[in-house]
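Read the structure below first, then the notes.
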Amino acid sequence: MSTASVPDQRRNVALLFLCQSLNQAAMSGQVAMAALIGHSLAANKALATLPMSVQMASTMLASTPAALLFTRFGRRTGFAAGALSHLVSAAIAFLALWQAEFPLFLLSTVFGGLAFGVAMHYRFAAADAASPDWRPKAISLVMAGGVIGAFAGPEVVKWTKDWFAPVLFAGTYAAFALIPAAILVALAFTRLPKRPPRTPGSARLGAILRRPAVAVAILSAVVAWDTMNLVMAATPLEMMLCGFAVNDSATVIQWHAAAMFAPSFVTGSLIARFGAGRVIATGAVLTAACAAVALQGETFAHFLVALILLGVGWNFMFVGATTLLTASVAPEERVRAQAANDTIVFGTVTLTAVGAGVIHHLAGWMVLNAAILPPVAVALLAVAWLARRERAALGA
């Protein structure tokens, strides 16, 4: 894949940073609302997190069509299609709330998931257009765009949730309908290189996924997303049951989302200095620390600190995994490997989105937090195994 010129690399990163900011504003706002909307609309309260599950399933299903769009029409056209799906999602969600229809709200999350699935490739677009030495920073800087969205999304929820009172949150979706238009404007100014055609010697997807570094990268991304989603999706519910207001849980989600992306300003430099494996391992330790704090109590401070640790841990694991994956495949293999990665990641995230509501409803908050410790341990062991394997290869 051709690398863009230095000015174009900087232009692309700046514009993709903006797109990521806008996308994350919608995503963090959706996280703050979805479980509460599900709880209010669903007859069975155990299904409160089903909207997030449907959205994650749709995000997973978007991976392969997105790859086909990018391959045939280019990154920019594919991203524009995702933005239009976002607009459809906001319109259906508004109608669902107005009519108090849970199935219709679930339909809105299908289109929302498709939009988020396409937008997850912003980081890959930045990586593909960057020179090898700048690639970790390009990935992390685009991911850093989520910082703005992390604060903006919940703030929009707070300011717009009562616009159409007594229909809670309808105004928020009306406001979120403006986001796709802004993304389309930003995309019009990007200069993203075209992907080269697949050569006859390109490896089959199965062979690519069996490479040790690729397998560990995907495993790390799966653990990062699954542990984060399990705790995050249940947090607004647990805070509501503890007597906290919607604004309180929105504030916690706001800081959590900020913690997910703020480290990205330095994560690329940390990876360049210490390596992706060590950064992934550090993220796993921070994720375990989240569970430790959450198990100590249920004050506002406990929720806030736990979710901040969870966010930073996710960032280190996910950016590290993305960098490791990109470095482990040839340019002509990247779109297929990236699509497979996101399909696997969001397929498992779908299960944790459902599991969050079920585990929380049946077993409670403490069990839910303890459940993230085993997969974190598996990720640490996998990273250690890969590091040992690479050292042995260098010594051979």
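In case you wondered, yes, glycine gets a Cβ from its N, Cα and C as well.
TrEMBL lists transmembrane segment for one of the ranges 3-23, 339-359, namely 339-359. A Cβ distance under 8 Å defines the sequence-distant neighbours of the transmembrane segment (50-71), meaning residues of its chain 6+ beyond its ends; these are 30-31, 34-35, 37-38, 42, 77-78, 81-82, 105-106, 109-118, 120-121, 195, 229, 233, 335-336, 338-340, 342-343, 345-347, 349-354, 356-357. The list of residues near the transmembrane segment (213-233) in space but at least 6 beyond its ends in sequence, with Cβ under 8 angstroms from a Cβ of it, reads 31, 34-35, 49, 52, 56, 253, 256, 260, 276-277, 280, 283-284, 287, 290-291, 294, 306-307, 310-311, 313-314, 317-318, 320-322, 324-325, 327-329, 337, 340-341, 344-346, 348-349, 351-353, 355-357, 359, 368-369, 371-372, 375-376, 378-379, 382-383, 385-386. In summary, the transmembrane segment (138-157) does not lie against the transmembrane segment (339-359): fewer than three C-beta pairs, each 6 or more positions apart in sequence, are under 8 Å.
With respect to Cβ pairs under 8 Å, the transmembrane segment (303-327) is most closely packed against 279-297, considering the stretches 163-192, 253-272, 279-297, 339-359, 365-387. Contact between the transmembrane segment (279-297) and the transmembrane segment (163-192) is absent: fewer than three CB pairs lie under 8 Å, with pairs separated by 6 or more positions in sequence.
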